[in-house]
Amino acid sequence: MIKRIRSWWMHKDSPKPLDITADNIPEHVAIIMDGNGRWAKRLGLPRIVGHHNGMKAVKRATIAADDLGIKYLTMYAFSTENWKRPKDEVDFLMRLPQEFLAIELDELIERNVQIRMMGDKDKLPNHTLKAMEDAMERTAGNDGLVLNFALNYGGRKEITDGMTLLGHEIEAGRLKAEDINAELIEKHLKTHGIPDPDLLIRTSGEMRISNFMLWQLAYSELWFTDIYWPEFNKDHLHDAVAEYQRRTRRYGGLS
Ligand code: V0D
């Protein structure tokens, strides 16, 4: 007998019982939030309107993930390559964390969410960093959903920086090359303490990893959709999780 999560039956805006079971919810979902600019262009709007509506989709995805019992949600908000965009657009993007937190932080705290950031803090404007550090501090004692923003993040840079740290430890005589293993490498990545993503979602039709969590996605299920990120809502997350469960269904309790 397949057990379903009560809240899905009872939710008044959920028209039909969902094809999701409570026993195999992905612990960590990572999302490449692609298609904000294309969504805006299709509507004849400036790109920044797409980014702004993308921010609203971040909120929807966070609430939907929390309601499903997902423990870690990692969102690719800004890549190490995004600095190449026009200065006006970068400046606008760098104000979104403050704006998001000003609107949403209280509700996220009520939900016991922990806000974290993964990426290089150098190059981020002070106002961006301050808003995020304040939110991280205020939510550090929470033990609910971990909402992890990848910001000024790149997978190769993450691995390169980790290898530099290991190199320094060898130079200092604290480590032998033979002692390097996967566990030690993981400890030197920006995700240390966070399990690998079970499920990667990418919107907007591209079917690439694009330098996101290269090490951590080694065994993740990948789910792609043509919809643009600003259109993303809980039904899309439910579709992704339902597909994840179809792929990983464990009959008879053996993995
Ligand atoms: C634009 C789509 C939320 C992707 C989502 C600076 C591109 C909307 C945040 C955010 C961005 C980051 C940290 C935080 C709270 C919120 C965000 C950026 C871009 C890059 F603590 N949305 N969002 N950050 N976009």
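Yeah, the Cβs are placed from backbone N, Cα and C, and that goes for glycine too.
Because TrEMBL annotations are produced automatically, they should be read as predictions rather than curated entries.
Feature annotations, reproduced from TrEMBL:
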- Asp34: active site (ACT_SITE)
- Asp34, Glu221: Mg(2+) binding site (BINDING)
- 35-39, Arg47, His51, 79-81, Trp83, Arg85, Arg202, 208-210: substrate binding site (BINDING)
- Asn82: active site, proton acceptor (ACT_SITE)
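The Cβ of Trp39 (substrate binding site) has 24 other Cβ atoms within 10 Å, all protein chains considered.
With a cut-off of under 6 Å between the Cβ and any atom of ligand 1, the binding-site residues Trp39, Thr80, Trp83 reduce to an empty set. Note: Glu221 (Mg(2+) binding site) has non-local neighbours Pro26, Asp198, Leu199, Leu200, Glu243, Tyr244, Arg247, Thr248, i.e. same-chain residues 6+ apart with C-beta under 8 A of its own C-beta. Taking the Cα atom of each, Ile209 (substrate binding site) and Asp34 (active site) are about 11 angstrom apart. Remark: Asn82 (active site, proton acceptor) has Val90, Leu93 as non-local neighbours, by Cβ distance under 8 Å and separation of at least 6 in sequence. Taking the residue listed as 'active site' as the reference point, the binding-site residues whose C-alpha atoms are within 10 Å of its C-alpha, out of Thr80, Trp83, Arg202, are Arg202.
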